[in-house]
Amino acid sequence: MAWTSVLLMLLAYLTGCGPQPMVHQPPLASSSLGATIRLSCTLSNDHNIGIYSIYWYQQRPGHPPRFLLRYFSHSDKHQGPDIPPRFSGSKDTTRNLGYLSISELQPEDEAVYYCAVGLRSQEKKRMEREWEGEKSYTDLGS
């Protein structure tokens, strides 16, 4: 029976079927032209936003989604191609929130904005090492 549990956990881990983070966004936000707006993305409580990068996408009517930016920290972020610096990311790790700020709002900023999260590669490697350690420990206990 122990082998079955280990095998199922391993399959779930390798296929990405383990507990996945859920994000929630408010359905609507509005502001005036020229102003600054901050959109939020809440990560489910069973995950810590501190170990995730937040990805933001914009979809204008009649256009495919386009990548705006990735934000992990002030020193670890990436702006999408041709995305002006008036689009910026941030996090509130205490409240488990990610933010997209858009300053100097323009008419073309009217769009649907999506957030997504992904493990930072260094954190993913650390978790894989921990998993290997747990797997070895489980093997020793059998």
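Here the Cβ of each residue, glycine as well, is placed from N, Cα and C on the backbone.
The cysteine that Swiss-Prot pairs with Cys41 in a disulfide, picked from Cys17, Cys115, is Cys115.
According to Swiss-Prot, the feature region 'Complementarity-determining-2' maps to residues 71-81, out of the candidate ranges 5-15, 71-81. Away from its own ends, the region 'Complementarity-determining-1' (42-56) comes close to residues 19, 21-25, 67-72, 76, 87, 89, 91, 93, 95-98, 100, 113-120, 123 of its chain (Cβ-Cβ under 8 Å, at least six residues beyond either end).
Of all Cβ atoms in the shown protein chains, 24 besides its own fall within 10 Å of the Cβ of Cys41 (disulfide bond). Here the region 'Framework-2' (57-70) has, by DSSP, the following mix of helix, strand and coil residues: 0 helix, 8 strand, 6 coil.
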